[in-house]
Amino acid sequence: MGTNWHAALILIAALAGAWGALGQSNERCAVDGPRKDCGWLGINDLGCEARGCCWAPDYDSNKPWCFYKSAVASAYDMVSVRETDLGLEGELQLTTSGLPYLGHDIQQLKLSVQFETQGRLHVKISDWADSRWTVPESLLPRPSVSTAASDPLYAFNYQQSPFSFSVIRKEDGDVLFDTTEHSLFFKQQYLELSSPIAESAALYGIGERTRSEGIRLQRDGVPTTLWNKDTAAANADTNLYGSHPFLMAIAEGGNAHGIFLLNSNGMDVVLDKSTISYRALGGVLDFYFFLGPTPREVIQQYQEVIGKPMMPPGWSLGFHQCRWGYRNVQELDTVIESYRAADIPLEAMWTDIDYMDGYRDFTLDKKNFDLSQMRALVTKLHDAGQRWVPIIDPGIKVDTGYPAYDDGIREDIFLKDANGKRYIGKVWPGAVHFPDWFHPGAQDYWTAQLRQFHDNLVPFDGIWIDMNEASNFCQAPGEALQSNGLGRRGLSEAIACSHNISLRLNLEHPPYRINNAEKTAPLSEKTIPVSIVHHDGTFEYDAHNLYGFTEAQLTHRALEDILVERPFVLTRSSFSGSGQYTAHWSGDNSATWDDLRWSIGSVLNSNLFGMPMVGADICGFNLQTTEELCTRWISLGAFYPFSRAHSDHYPQELYLWDTVANAARKALKMRMRLVPYLYTAFKKANTEGGMVASPLWYEFPTDASTYDNSRQYLLGSGVLVSPVLEKGQDHVDAYIPEGTWYNIWDYSAIQGPQTAHLPCPLGEIQVHVRAGTIIPMQQPANTTKQAAAGPLDLIVALPPPGQGVKSAEQNVDQYAEGAVYMDGGAMAVNGPDSFTINFEARVSGQRGRLMAAPTFGGNALTAQHVPSLGNVTVLGVECGSQLHDPFWKEAATFSNVIVAGVRVTVNQAEYPRSSVMYDSQSGVLQLRDLNGDLTHGVVIEWGCEYSLATV
């Protein structure tokens, strides 16, 4: 061992001498700049210097201590340029080569600049022959553009020698991206492009990772690595299951812009105080710049490229229960009945891999999850308006006689190595093959497996796809997986993890090592080897980050074909654009107060990346939760866009503690009331683009106090969620943005902007409604089906007179608006069975009018499930405010309540005063049991009446 290590050091020293001779005069140790890791975990100063690298310990951050010297440049000249219908194209020729230890530079490059829309600029640098890997348009279609934008918000400037470019916001001259002082590296396995970025800008995005410091990015020079990896989400500040190379920047004053690098290769993105640097292991430099200028517009522009979020089925907005460790059907039934007995909402029961026969996909454990019993359980769920969702992993057990395996072999559907042998990996069932989602027959194969499971075994309602980075338990090539019992037809054979294949390119250990797992781990660690070859010749090296994306895409399409309603898919692994097909959860967290706090950032970042249907495992997945923690977590988790309790083997169902059960009933029943509001927010994101759960700066970008806030969030634009996130606290210091906000529980008002110390005892959560908003709600129920059978209620949150008035009409003192979208769960959004009702409230003086105007996807006769209007609560009604005599103020009553949809007037049939309640102290007006016909529209008018008479 010692002799070999000594020889290795001699070799390293020799190589270091050779590297130094290639460009010694042009290299320096840039201690303060971005650092390219040159060492390994545990390297010392002698070993570092022997490699010809820089050694500079940094105890205050996670920057690498051993890092490459910086070259003056790799440089290109633009030797030709021509205008095109969309912008310009240019030819770049290499003039100077830098960092030779990272490989040879590509000599000739192509520049394409397209002024695609007023707010979107597309800049792509590729090899001249267009032979390099790019994300296929068949997976992620690019926007179709035929002519250049006529008056864009940006200017594109370039310098020909050495080539550089900049992107400038024309309105104020802000430089958004500028490569002038930075090298362009374009090597076979290393691409780099850098730009200054304003030190004062607040930056967000670049994930997926659990960020311990909140969603605002730290500018510490530590690489953020994009390489999908099976690492528990409880491990903060490391690369996790998804890759999203999207950055949001908010400048001083509130102008926002976005940068998206469409590249699926492994990469590091390095941010320091003044610079952003992209370092990719392959592909091309395919940049999109989004000019906003608001954060909402940036997200919409981004989603025009990656695709708008899918519309979830309405039932998925209910509450979901899952645990890894439900041992049999009887235990599932007990959980379902216990929720029912506790009167806690439960929409869907989920099952982890426990239900499978030997962890084989598309099978049932015959002993513990008997087919007839499982069918009876799911029938019982369906009869109660509830759902069942099972888990499916991508690894297909190597097992002759197992249909999913036999079909895959017959159709040649599995991934292979460079020699054409099917790759063998290891997951829960043991030896597995992995489907090749790039195979032209993959969709038919996957649909057939899901169909036989649904039609011949148990009719599921959605599919949960896990382990799809893809996770692989093989520790080393040749590792024995099983020695006997292979196959159900008596075949006995030893199986081992496949050996990696040596290739011309060093795929397993490229010249530059990204900071995988925060330790520059090998790319193939705990996943499919990067030397595996897809059906179309693509190496897993290039396509690794797309494995979960493509599985979600194929699963979504399969469910469209199998089910008679809108699909629901939940994925762990993701890439930019996954939100078109799937929901997401933050992964394997732990039952700690840190994880509770971090969950908000994970939910917000997923929304930023275009996956708004997202949540975290409520009460924590790993470790044993506590009563207090679980109480606080369900109070928060009830307001995640996707609300699911999931844990490892520890039972922690919400009915097991009285305190948790009480909190669950309160929070989840409010969630069920808000389902119409949530569903409408998802529809808006699906058709217009945008977030559903958003940071406060999304709505208030000019308020710098919101930039570091990762403890609160908005649902839609009108509901503010402010939880307690620390043990033993009974108050929450909540930031209240500009405007008036009403407590959703007692309707008390608070004025922003301010940080308020609000009481929040265990079992409660602070939730506020934004003045100027009309919130559609339904009656509290335990399932969405029960709730949908009832009428629609409204909260009309009026601002104080003159505050936030949006109406174009004259003499309007108070104004609020909102909408509700419904479609009865139809497959198509805005289909013939859909309808939208727009609500508008105007107050002039002391007379108000609320109007409900429906529009139909087909017509009023084809629109199903149109509810009646039930109760209306109007907040901020100021009657008696101009009367100084307390007697007259207390005598204020209401009259002239007119439901115009059924032509009711005061003279014809005055609305029963017994159903009108008004509190002059709080300004709350409540109208009960209106029974308004929303199919034809409703107008409600109110006016203050002052009389000595009692009503």
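Glycine too: its Cβ is placed from the backbone N, Cα and C atoms.
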Exercise. Cys38 pairs with which of Cys48, Cys53, Cys54 in a disulfide, per TrEMBL?
Worked result: Cys53
Problem set entry | CB contacts for Cys38 (disulfide bond) [other CB atoms within 10 A, all chains] | 24
Exercise. How many neighbouring Cβ atoms, not counting its own, are there within 10 Å of the Cβ of Cys53 (disulfide bond)?
Worked result: 24
Problem set entry | Segment-level pLDDT (mean, integer) for the domain 'P-type' (27-70) | 77
